[in-house]
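A.B. asks: The structure follows.
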Amino acid sequence: MSVLLIALFSLILLLALLGAAGVFTWGERRLLGFLQERLGPNRVGPFGFLQWVADTLKLLTKEDAPPAGADLAAYRLAPALAAFPMLAGFGVVAFAPRLVISDLDVGVLFVMGMLALTVWALVLGAWGSRNRYAMLGGLRAAAQMLAYESFLGLSLMGCVLLAGSFRMGDIVAAQEGGLWFILLQPLGAALFFLAGLAAAHRLPFDLQESEQDLVAGFMTEYSGMSFALFFLGEYLAILLVAALFTTLFLGGWAGPILPGPVWFGLKVAAISVVFVWLRAALPRPRYDQLISFAWKVALPLALLNLLVTAWIAVGRAA
């Protein structure tokens, strides 16, 4: 792909992702309203569809006033660090054969690295705010990411072993014409989904911004577009986790009749709907229960799944 085509595709992808994140906020609020038997946004545009545009314009016009005594460098850097790595992560996602900005040999590891950077944004924002509630939220985020990133990587290694590659396109190609890896790796898929919820900081793994005891957690002192960038990063993280889950376990772009990018988009949308459904259905656990589950239950299961898969892969190769 020439440099001009890469630049053009990158621009189109950027605009599509920003639009998808905005539409997702509207879809989430409408779906939550339906699940909770109440009205969602229904004033701006048909079915409230333009509510996300109105919210964006409102945040653009709001003042962004740092608190007194804030570390301005950390305070300003944190929102950008929450959003931009998520955009970079989509640079290695293969939406269809040859429809990828950069099909890296270590594409899966690159996406994991981008997801892990979000915890730096949360800790920097908490530290820069000089706020006790924000600092507690940042510390929770750091401990949670350390616990859940450990088995996030282990849970996807089964797919890497079966495909024999970290490249996104190779993993999808290994599932074409055969069984999707969600059927061969059901435990790995379940563990990866749970870890993905934690990586995206979604309920029930959103204790770093728990409103009941931390006001707004690490975002307590943010407003205006800085606040919006944190939310943009969160929704892009959901889409990135859904895209990675689709690639690893749902065959990527594979599907009958419809074009590959359409199948990929439908699968990502379905996974994103499950994220919203879980937000409406599940309570928030205690912090000690959350961390204990990661270290005592999920991590041993991920190791067991990896060992069994490695044994099967070696047996097939022999």
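Every residue, even glycine, has its Cβ placed from backbone N, Cα and C.
From Swiss-Prot, here are the annotated features:
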TRANSMEM  4-24  transmembrane segment
TRANSMEM  77-97  transmembrane segment
TRANSMEM  106-126  transmembrane segment
TRANSMEM  146-166  transmembrane segment
TRANSMEM  179-199  transmembrane segment
TRANSMEM  214-234  transmembrane segment
TRANSMEM  238-258  transmembrane segment
TRANSMEM  262-282  transmembrane segment
TRANSMEM  293-313  transmembrane segment
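How about a rundown of where these features are and what they're close to?
C.D. replies: Outside the transmembrane segment (146-166), and at least 6 residues removed from its termini, the chain residues within Cβ reach (under 8 Å) are 105-109, 112, 115-116, 173-175, 181, 184-185, 188-189, 191-192, 194-196, 198-199, 205, 244, 248-249, 290-291, 294-295, 298-299, 301-303, 305-306, 309-310, 313.
Residues 115-116, 118, 144-145, 147-149, 151-152, 154-156, 158-159, 162-163, 171, 205, 237, 241-242, 244-245, 248-251, 254, 275, 278, 294, 298, 301-302, 305, 309 of the same chain, all 6+ positions outside the transmembrane segment (179-199), place their C-beta atoms under 8 angstroms from a C-beta of that stretch.
Using a Cβ-Cβ cut-off under 8 Å and counting only residues 6 or more beyond its ends in the same chain, the transmembrane segment (238-258) has close neighbours at 17, 20-21, 24, 86, 89-90, 93-97, 108, 111, 114-115, 156, 159, 168, 171-172, 175-176, 180-182, 185, 188-189, 192-193, 196-197, 199-200, 202, 264, 266-269, 271-272, 275.
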A.B. asks: Is the transmembrane segment (262-282) in contact with the transmembrane segment (214-234), using at least 3 Cβ pairs under 8 Å (sequence separation of 6 or more) as the test?
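C.D. replies: No, since the transmembrane segment (214-234) and the transmembrane segment (262-282) share fewer than 3 Cβ pairs closer than 8 Å, they do not count as touching.
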A.B. asks: In terms of Cβ proximity under 8 Å, which residues at least six beyond the ends of the transmembrane segment (4-24) contact it?
C.D. replies: 52-53, 56, 87, 90-91, 99, 101, 232, 235-236, 238-239, 272
